[in-house]
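Peer 1: Straight from TrEMBL, here's the annotation block:
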{"type": "DOMAIN", "residues": "36-119", "note": "domain 'Aminoacyl-tRNA synthetase class Ia'"}
{"type": "DOMAIN", "residues": "190-776", "note": "domain 'Aminoacyl-tRNA synthetase class Ia'"}
{"type": "DOMAIN", "residues": "815-915", "note": "domain 'Methionyl/Valyl/Leucyl/Isoleucyl-tRNA synthetase anticodon-binding'"}
{"type": "DOMAIN", "residues": "958-1030", "note": "domain 'Leucine--tRNA ligase RagD-binding'"}
{"type": "DOMAIN", "residues": "1081-1192", "note": "domain 'Leucine--tRNA ligase ubiquitin-like'"}
{"type": "REGION", "residues": "135-159", "note": "region 'Disordered'"}
Amino acid sequence: MLAVIGCMNLRQNLGILDRKGTFKVEYLLKIEAEVQAKWEREKIHEVDAPPEPRTSPDEKFFTSFPFPYMNGRLHLGHTFTLSKCEFAVRYHRLKGKKVLFPFAFHCTGMPIKACADKLQREMEQYGYPPRFPATLDDAPPEVNENVERDKSKGKKSKAVAKAGSSKYQWEIMQNLGLSDEEIKKFASTDYWVEYFPPLAVKDLRRFGIHVDWRRTFLTTDVNPFFDKFVSWQFLLLKSRSKVMYGKRYTIFSPRDNQPCMDHDRSTGEGVGPQEYTLIKMRLLEPYPEKLCLVGGSAGTCGEGKPVFLVAATLRAETMYGQTSCWVHPDLQYVAFNTAAGEVFVCSSRAARNMAYQGFSSLEGVVDVVAELRGQDIIGVALQSPLTSYDKIYVLPMLTVKGDKGTGVVSCVPSDSPDDYAALVDLKKKAAMRQKYGVEDHMVLPYEPIPVLEIPGIGKLCAVFLYEKLKIQSQNDKEKLQEAKDLVYLKGFYDGVMLTGEFVGKKVSEVKKLIQKQLIDSNQAVIYYEPEKQIISRSGDECVVALTNQWYLTYGEEKWKTLTLTALENINTYHEEVKNNFKVTLDWLHEHACSRTYGLGTKLPWDEKWLIESLSDSTIYMAFYTVAHLLMEGTFCGEKPNKLGIKAEQMTPEVWDYIFFRDAKFPAHTAIKKETLNLLKREFEYWYPVDVRCSGKDLVQNHLTYYIYNHCAVWPDEPGKWPREIRANGHLLLNSAKMSKSEGNYLTLADAVDKFSADGMRLCLADSGDSVEDANFVESTADAGILRLYTFIEWVKEILNTRKSLRTGPADKFHDKVFLSEMNLKIQETEESYNKMLFKEALKTGFYEMQAARDKYRELSLVTGMHVELIDRFLEVQALLLSPICPHVAEYVWQLIDKSGSIVHARWPVAGPVDLLLLSSSVYLMDAAHSFRIQLKNHLQQRKGGGEVAKPSHADVWVAKTYPRWQCIVLSALQQLYEKHGALPDNKVISSELAVMPELKKYMKRVMPFVQATREKLEEIGLAALNLTLDYNEFNVLAENLIYLENTLDVENIDLKYASEGPEKISEECRPGRPLISFSVRPSVKLTLVNPQPQNGLFTYTLNVGTGDNVAKIAARLARENRIIAESSCFELWRYEDPLLGPRRFPVFGSPTAGAVQIEKDAVFHADVGENYVSVSTNGVKHPVGSTVLYIAKC
């Protein structure tokens, strides 16, 4: 039971609602299926370039989304990003542009091949169907807490997140709902390519995506047309010296025997090689026992080969300050032979990396000559480069980690807070020295050596911060991290050398020079390792390898400069995104573009290599422009196209002619010129890409390569370069990261089933637009479903009762307000769509439009809504909503009898917006809200222990201007604002106002008024300092008295100026803040009976007081029954015999027999003492009694 309650609480905390029924979702799904069938029949999303060339860059809109990888179903994260394209393309179509949103599917790279091979191995090892072991070693890899984590990257890669908690590929496939017989087929890569793309298309169609599916395709050589396109691209890049061959450092998978790029990784996406300077610290005799056999036989300790402890450092310039060398006593180390005839001592993990960087005689082979623990070498003497000490010693440091660097650390206590803290610990604690066999002469004489001077910190930075932050020991991690962050950053930018030949020079100037000297003198070497742990999709821990490979020369100066020029002209929507691009361009240097394992296009000049997945996906948007003419709507071009073009005919010269404006027609092609001109026309019309939408995590690779390659292929045509890039954050689900293993995960198909397409789309739009992570909350989606359902039902209801809507001039106050509000929402929503701020567009274009309608409906309870304004609302609402919820919008479009599809419609033209009128409307609603609160407070009062009687009347007091003392204050504030350009501090204002004699009496109230005015100034601007309002608030209230009487449920409101009221009223009432007082008027209850047969009018009892007339009673009755909307349609009849008349049966066909009509101008009189009502007409008084008849004629 407790478990069930806990689960329920978890669901509630995550925003997951347990539904009572699915009727509304099924209702929307039915509508969506019908609408999608209509679109399919009419081929409404298919588009071709027009015969004539473009006359303006803005007459078309071409958007694209990085084609998803086809090793599973599309999920909500994919959908969130592609929804940006989807909303934008539908909006721009409404704006009259030709629009193109194509969609293809990526199969290049290792993932599919790795998964297929895993399945094959699992069947070979565990049989079919596989019987897996009951338990596995679930121990997570050790994480180095000292390595700063990149907060822009998640804790799990996409591959890990998708896999959930499953350990075997077979189990992962079972989690997709596949049978064993079906899974068996996935051991072939071909079946992956056949299985998932059709499911993706099906899911996207149900989503209602605006895609021209004729242009879809798959990557890799299974698609000969795309294969030829990628081959052309790389031949072109090679001819322009953008592709080179040689040894380069790259992330490498030893198991796969090839480079491991981002898309090939299970963990470590975005992680690159980190360069270190490997400091060679030579062992001095006597050698420790375990190293005595190195280089010779027993008894010839160390003969022949020098032995070095090698420390990896990022700060070679600080090596002048070495006082010792750190190792972890319990860490495992190896000594191995190097190709240079030396012996290196380091961690086995570092040795494995070095084996792929030319350190070993045989690549990938570590020639281990000894295995030892750190304890075995503590106390050994070393000779280290640059330090002023002739001899330093190996000492224990308990915070040394084995998963970063070499496990050997040079100790520079002057500039490393960690080193100084550990050195102080060792000096202070004799027991610690004794435990690890450290003699006093090895540590006590060694003091920090000044190496750098940092302004504001000094010459011994680590010592200064250790004392300033009151660090207690080497285990004081938080304070040590704070100190390191400060020292390392300031040390690089502001540090000045105090020793060595570069004395007086900045660290930033000499860092590389010192490194070069160390390397040239053979006192150090260059060493690389991954910045963080990287696991390939084959399950291998990657290394950095120095390998022969084909690589793209990203970072080459001219190419980089051209790319920076392109970036400056790209709208990235968020400054943070542009800055991330600049940072990436700053560090990006070369990229391995080929591999030998996986799926893809073969490198055309060296076919043992495949082009990797980040390199065949940089300019494929150009292929979209002609894909429909080549592919005929198939994934791989297996169906002959109408133009008769075959893949083998697509030579580099043919592609040149299509994509380069001035290229000559290929001399040796069988394709007709008019045919190629058709392809060329498509490309020239659609290119460039107007907006590319992607996750922000692709800025560091794909999106940067996207800009680079466009600049390389079209260097002289900036008009072909990307125009806009819209990067978004990741999508959380119910405020938590999506995770299969935690059950917080939704595929696109599941989301459509659960929320309907438009319910999901509405929630996606509402999830967020910034570069920060967005949040899809299921309760919001459910609320959206209810909103959409309610909107449709209201449309049906209003159409059924349309004849009852008001006609004639739409000139009432609330008519004009509603029209202006609609025009304003059109403008605001258009601005948001243009900025791709879809959450804001949904807010103004749906939520606030609905609120405006609700307000209009409330204000029109008595007079009724105007038919022309309701017609306008229905049309505008459908159009504003259609980019986000196109199915509901299409359905409403048909309900209101509009011709054609809403997809062909045009964005509504906004009429004039009367901002003054809207301000007065806001004032009215704020005043009504304030009055309701005051009424509630009035009714909660207690007098003599009894309840306060419900008021029947109210007096509303309106101020023509502020009280005199407030006018003086406002005038003074205006002068101060003009003088300073803003309001000065309250102290300055107070001193200015204190000297004014007119304010002496009010000083206790002056500064609170000033503060309230300051806050109002921040909210509405300079209008807060005006002495009067821009509109006549008395007239606004007078025009809406009926609404106010209705909302307050009082019989009558009298409007009065505050200057006519008591002193307290005139003091407290001010412009824009009317006051209200309530009262109970003596009255008598009068029963109104309707004698008309077969209608919905009933008997009502109302309070009637002296001075009432027919119109006032009609208005009072209208609050009870909306059928009575106009007093002109309403008649009151009194019985000739007030006593017996109500007791007689009505006469059939003559309902008013025995009654006399009460004149419109008759005045009622209430005798409260006798509980009796009479009416006077032309000075003659007639008894009414307690009952009258009423007739409704409209």
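Sequential numbering from 1, following the chain as shown.
The backbone N, Cα and C atoms fix where each Cβ goes, and this holds for glycine too.
Since the structure is predicted, the reported quantities are computational estimates derived from the model, not experimental observations.
Just tell me what is around each of these and how deep it sits.
Peer 2: Restricting the average to the domain 'Leucine--tRNA ligase RagD-binding' (958-1030) gives a pLDDT of 86.
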Peer 1: I'm a bit unsure how to read this: which one of 36-119, 815-915, 958-1030 has the highest number of Cβ pairs shorter than 8 Å with the domain 'Leucine--tRNA ligase ubiquitin-like' (1081-1192)?
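Peer 2: Of the candidates 36-119, 815-915, 958-1030, 815-915 scores highest.
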Peer 1: Could you put numbers on the helix, strand and coil content of the domain 'Leucine--tRNA ligase RagD-binding' (958-1030), residue by residue per DSSP?
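Peer 2: Per DSSP, the residues of the domain 'Leucine--tRNA ligase RagD-binding' (958-1030) fall into 55 helix, 1 strand, 17 coil.
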Peer 1: What are the helix, strand and coil residue counts for the domain 'Aminoacyl-tRNA synthetase class Ia' (36-119) according to DSSP?
Peer 2: 38 helix, 13 strand, 33 coil
